Amino acid sequence: MLFVLDVGNTNTVLGVFDQGELTHHWRIKTDRYKTEDEFGMLIHSLFQHKKLSFEDIKGVIISSVVPPILFALEKMSRDYFHLDAVVIGKTSYQTFLNMNYPNPQEIGADRIVNAVAATEEYGSPLIIIDFGTATTYCYIDEDTAYAGGIITPGINISMEALYSNASKLPKIEIQKPETVIGSTTVDAMTSGVFYGYIGQVDGLVKRIKDEKGTNPTVIATGGLAKLIAHESASIDIVEPYLTLKGLHLIYQKNN
């Protein structure tokens, strides 16, 4: 079995692959102050619930956009799994991803892993949208090379900025509103955040297609992918565990 960890700024997604299938997965809050023992005990508890043991795991691979958390996770892997974790961007593992980008070192590990998984499954050209703390758009060109992208504030950041900086506006939940025109302040905010974000997605995808002169398949991943994709006119496929699949694929190709 392979244990995979996708560490984001807000959430960390964990998964176990058995014979190529994602059999278990969990989403936890990212805590950059946790020690290796706290991570070990948390994972032990999650494993116990699914009747898994540390001994079942034969490999560990990590993608992280939060550098301070890596030391604790790598030590946890050694102490609890007795395995040296593979770390995307740090361990000398090949990703088998072609690059048409001037400085590949600045690309986030999660974006690389997503691109590996998406190109393996869907070919090219592609637009990969990852709805995380930041929303990222990655363009894979006709030669199946990573060719750049767009980074915008995530929907949660946009929502928090609204109520944090406007003293009379309340905190709201992200959900589809009943109408576009709100009849209350909360309804108006919900509509603005939700439909404003969908407009951003559809608008940026159209601009990418127009600029590149291609008709790429558009893949969405991340915690809010299903919610946004349901109303978006431009998203073709939702892959909620794209990053976990990419980690598994990279590990398998290197072993």
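Yeah, the Cβs are placed from backbone N, Cα and C, and that goes for glycine too.
Among T95, T119, T133, the residue that Swiss-Prot places alongside D6, V7, G8, N9, T10, N11, T12, V13 at the ATP binding site is T133.
Cβ neighbours of D130 (K(+) binding site) (same chain, under 8 Å, six or more residues apart in sequence): D110, R111, N114, T136, C138, A220, T221, G222, L242, T243. Across the residues the record lists as binding ATP (D6, V7, G8, N9, T10, N11, T12, V13, T133), the two Cα atoms farthest apart are 13 Å from each other. Annotation note: T10 (ATP binding site) sits in a coil segment as assigned by DSSP. Nearest Cα neighbour of D6 (ATP binding site) among the listed binding-site residues (Y101, G108, A109, T185): A109. Counting only residues at least six positions away in the same chain, the Cβ atoms of G8, N9, T10, G154, N156, I157 sit under 8 Å from the Cβ of T133 (ATP binding site).
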